[in-house]
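Chemist: One structure follows; several queries about it will come next.
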Amino acid sequence: MTSFGESHGNAVGCIIDGCPAGFRLSVMQIQAFLDRRRPGKNKYVTSRQEPDKVHILSGLFLGRTTGTPICVVVYNYNTVSSDYNNLTYAFRPGHADLSYFYKYGLRDHRGGGRSSARATIALVIAGAIARAILACFYNVRIYSYVTSIATDELDFLNQAHQSQSQFCFPNVFSNFFIKNCILAGTQNCDSVGATIKLFITNLFPGLGDPLYSKLDAELVSALMSVNAVKCVFLGNGNIANAIGGVLNNDAITSTGFLSNNAGGVLGGVSTGQDIVLTAVVKPTPSVFVPQRTISSAFKDIVLSIAGRHDPCVGLRAPVIIESLAAIIIFNFILRQRAYCYI
């Protein structure tokens, strides 16, 4: 998959190569996932209004994939580049402005350009196609939910509520409380972070490679590429150093594993259990308080940021994380087919 486009460019999109021919696919299947990440839906996300309508340019004929590259584009309409005029000669703290300047010697200051989360539209498009194929042929399901906002933990009650929740909250009681938490941060001109737990279910055992292309390594690597994700761990990896091997090991019986501390992967290969990953999302770096930084002349300045920004970027991240997981799993399955029929 090759993605293209910037936050304030004409469009964003992707070209997907290697998709099997003959699979029935519709615009609506892709649109449903794009609508989950679409901005401007309420006061808890950025106010930038974008329809994010899917346009399939190639690779689909009479409702089926042709086996040729699938090109999908989403046009940008509601860009307000003037909001970023004061960033022409200043680097924003917490953003990729400075690091991109070091790498390329220039940067697109309008909404971050290529480093903007708007570029994740391409990931959701490709992920929607991968998810449809995984569900149809392999019965693999992928879902996620928000486990915390800032320091407030959310208890998981059932998947039914998670799938119906606008923000992938795990229980009905969390909606009012967490929305108030986000609004409190906004009123203080601040932002908040989040933690998201991802589940890949019904995946068969034996998928992955033992050394250079471990399944867990590629999943973690993919999730770390999502904007604002700063940490990813598998199973109980965040506490594995603090418990003994007796507790950490997943005992095996004739009917299966008795626990899933490993998160569904051992030695880089799937065990047949649910694959469980957790992603930690940092607070949105665009905050409305003056901050110390430097100018493009490398002089100390104080910068105030304007524009439209998410108070908690983690609210729109679940569908992006799910999409990347689907892409990685489907790529591994295609790779596995080169070794043996599955």
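In case you wondered, yes, glycine gets a Cβ from its N, Cα and C as well.
According to TrEMBL:
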BINDING   R37, K43  NADP(+) binding site
BINDING   R114, S115, S116, N227, A228, G267, K282, P283, T284, P285, S286, R308  FMN binding site
TRANSMEM  313-334  transmembrane segment
Chemist: How many Å separate the Cα atoms of R114 (FMN binding site) and R37 (NADP(+) binding site)?
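Modeler: About 17 Å separates the two Cα atoms.
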Chemist: Rounded to a whole angstrom, what is the C-alpha distance between A228 (FMN binding site) and R37 (NADP(+) binding site)?
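Modeler: For A228 (FMN binding site) versus R37 (NADP(+) binding site), the Cα atoms are 15 Å apart.
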Chemist: Please report the number of other Cβ atoms within 10 Å of the Cβ of R37 (NADP(+) binding site).
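Modeler: For R37 (NADP(+) binding site), the count of other Cβ atoms within 10 Å is 22.
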Chemist: Sort out for me which one of S116, T284 has the most neighbouring CB atoms within 10 A, since those are the binding-site residues we care about.
Modeler: T284
Chemist: Near the Cβ of R114 (FMN binding site), how many other Cβ atoms are there if near means within 10 Å?
Modeler: 18
Chemist: Of all the binding-site residues given, A228, K282, S286, which has the fewest Cβ neighbours within 10 Å once its own Cβ is left out?
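Modeler: Counting other Cβ atoms within 10 Å of each of the binding-site residues A228, K282, S286, the minimum falls on K282.
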